[in-house]
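Listed features, source Swiss-Prot:
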- 10-100: domain 'EH 1' (DOMAIN)
- 42-77: domain 'EF-hand' (DOMAIN)
- 55, 57, 59, 61, 66: Ca(2+) binding site (BINDING)
- 139-227: domain 'EH 2' (DOMAIN)
- 281-404: coiled coil (COILED)
- 306-327: region 'Disordered' (REGION)
- 313-324: compositional bias 'Basic and acidic residues' (COMPBIAS)
């Protein structure tokens, strides 16, 4: 199984883009998403395939989970993690809430897995008769714990989801598949809860040394479709009710009880609990991130060209470098310096330092100069008024002197 996943920091960045494009709506249409997807400079054919993969529910729009899938596919293509758009969506990219849609789509394109029916022509020696369809309350509780720990979003169980249980049992693979075929006559990809409980009940008895029944009662088979299996003890025939004791020890006395080891490993059946985990989209890329990605892509292309040039120049390294050919080492160095310069500019813009800070200081200085200029004009006006008053006083003094 792949260890890849969409990290939380990616989800947060994708949310910033999604929320800015969606304007409060829960989905993006193709026009809204095109503005950011086309910045990747992928071809329209590639972007069309990415859209078709990400639009899991096929409604022609992308909700946030589907948008995260599309963005991750685009970044993997740009960064060279993917050489081409995959034909089907990788399992690790499938949103947990839409897994059933992907499974249904695959079921329509592929035939469901059907196991060969194993007919027990000669009974396995050492097995006992007396299989009882009645489920004791303690057994039923254990079956329900196993079911709850492995069910999908539709409340169904697939054959592969119980592989850990099969490994803990003393039951041959052929018998396990025979039991599955018995409770799954339609050869579906998954079975519902009632069929699962019956399947686990058969495995329990086989684990305890009882033969697997060859048929299922008609009423019980019908109840798999109606979800109404009758577990009432009063409805069971006395001969069947006491046909076997589910609490008896196993023949070896050392074999673990059915499902105990498996439930212990899952952390259920006691104080623990088990909850399947997938990518959590409940919790959020800026345009400059595309520039970083493009620069890294150009750098990788330059690196590839450099490697090709080095291979072509093997045996001629001592030749003087005056033939006009490009200096790939210098080109790589300049590309790295350009990347560092762009990242430093982005950092200064975010932090308000460097040239961004100098620009802010210059603006403040201009504002101060404007303020001082206004104050000077005010002082000049005040000085002119005082000069007029002084001239008037001098005129009055001269008139007094003339009178005397």
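Positions of Cβ are set from backbone N, Cα and C atoms, glycine also.
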Give the residue from the binding-site residues 55, 57, 59, 61, 66 that has the most other Cβ atoms within 10 Å of its Cβ, counting over every protein chain displayed. 66
Structural state census, the domain 'EH 1' (10-100) (DSSP three-state): 58 helix, 4 strand, 29 coil
Other residues with Cβ within 8 Å of the Cβ centroid of 55, 57, 59, 61, 66 at the Ca(2+) site? 27, 54, 56, 58, 60, 62, 63
Pop the mean pLDDT for the domain 'EF-hand' (42-77) in here, whole number is fine. 86
Of the residues in the domain 'EH 2' (139-227), how many are helix, strand and coil by DSSP? 56 helix, 5 strand, 28 coil
